[in-house]
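Attaching a single structure in structure tokens format; questions to follow.
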């Protein structure tokens, strides 16, 4: 080996024998000083010429051994790197395992809190529904009692009159009988005409039962689909949305009420020309607003929006329940439909003046086939089944509910805002192009 290290001297035969350590199996008296690259074995010098390895590529065995040593060292290096990779993989998998366990526990804790919140909301809803029934029952019973008391008073009057008439009929003195009859005649004539029959109007709680029946059916309809399928649909839907930040969130559904129930609170609010932008035009009945080419001339009202194509209704609601509809078929690529306080800023195009971008307003927005719910700058993505043509807006002022429905889509629920309203609410619109109308409701 020392001779091989010099690199310039050809190894001697004895060194080759010592290096190889064994003789040729075919020519046993000769040293196996060569290495057959094809057969991968050591041979003597005669084998490539006369033996079984005739014509095979060969080289010095010691040189092949040095090359093999280098290959072995390279293999050891690669094995060490690969072993470290597997060790790193195990570490990452163990870290991911711990994170997954922690995430699973935190998710279950979150779910427990949400279901507790849901139960509390259901309990509160049940209490409110029962309170509604009790309140209306007491009001109706009070009316019934007043009607019954009135009937009893009439009975007492008629009983008294009956006694007096009987006494008159039994009076033996003709003069006294005539005088008594004459004094009572007018009252007798008044009481002899038959009174009206009283038929108490029964109080029905079917609308309440129908509403909560629809709620239960909507929940049951959703839960009939296996949970894994619902979650998969939700994940796929949200992953297709680049703006989504919470893939896997469950979809909120709300029951769709019958339109006939909402029409009990129907309103047809008219629009206020003093609030609309100068580029907007109002129809004669003040129910349709459209974009114009030029601004209107004349004095500028102080209530007018001077930068945004917005308009408020003349009518406002500060108590009770109200329902109106908005037709957006001709509104083009973009529109905003909602409600706002009169304190909404009218000057400039800042967030304080934009519908839905402040605490004074709530709205649904459509632009470029995307739908959003906006309030105070916070937005929620909406995914209606079809493009919206007409919206229904329901306001329950005391309950703090402002809900939106797809009228042409079977009154499917779009979004509900919940708030404690502090000022009267005005229906509000904003246009991008085209026209928006408020239909007359029956």
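Backbone N, Cα and C define each Cβ position, glycine as well.
Straight from Swiss-Prot, here's the annotation block:
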ZN_FING   19-61  zinc finger
BINDING   24, 27, 47, 53  Zn(2+) binding site
COILED    76-109  coiled coil
COILED    135-156  coiled coil
DOMAIN    249-442  domain 'B30.2/SPRY'
Could you give the mean pLDDT over the coiled coil (135-156), rounded to a whole number?
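That stretch averages a pLDDT of 88.
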List the helix, strand and coil residue totals of the zinc finger (19-61) as derived from DSSP.
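Once the DSSP states are binned, the zinc finger (19-61) shows 3 helix, 11 strand, 29 coil.
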In the same chain, which residue numbers or ranges, 6 or more beyond the ends of the coiled coil (76-109), come under 8 angstroms Cβ to Cβ?
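Same-chain residues near the coiled coil (76-109) but 6 or more away: none.
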Excluding 24, 27, 47, 53, which residues of the same chain place their Cβ within 8 Å of the centroid of the Cβ atoms of the recorded Zn(2+) site?
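Near the Zn(2+) site, the remaining chain residues are 25, 26, 30, 32, 34, 43, 44, 45, 46, 48, 51, 52.
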For residue 27 (Zn(2+) binding site), list the number of other Cβ atoms lying within 10 Å of its Cβ atom.
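Residue 27 (Zn(2+) binding site) is surrounded by 16 other Cβ atoms within 10 Å.
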With every protein chain in view, how many other Cβ atoms are within 10 Å of the Cβ of residue 24 (Zn(2+) binding site)?
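Summing over all protein chains shown, residue 24 (Zn(2+) binding site) has 22 other Cβ atoms within 10 Å.
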Starting from the Cβ of residue 53 (Zn(2+) binding site), draw a 10 Å sphere and report how many other Cβ atoms land inside it.
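Within a 10 Å radius of the Cβ of residue 53 (Zn(2+) binding site) lie 22 other Cβ atoms.
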Using a 10 Å radius around its CB, how many other CB atoms surround residue 47 (Zn(2+) binding site)?
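Residue 47 (Zn(2+) binding site) is surrounded by 24 other Cβ atoms within 10 Å.
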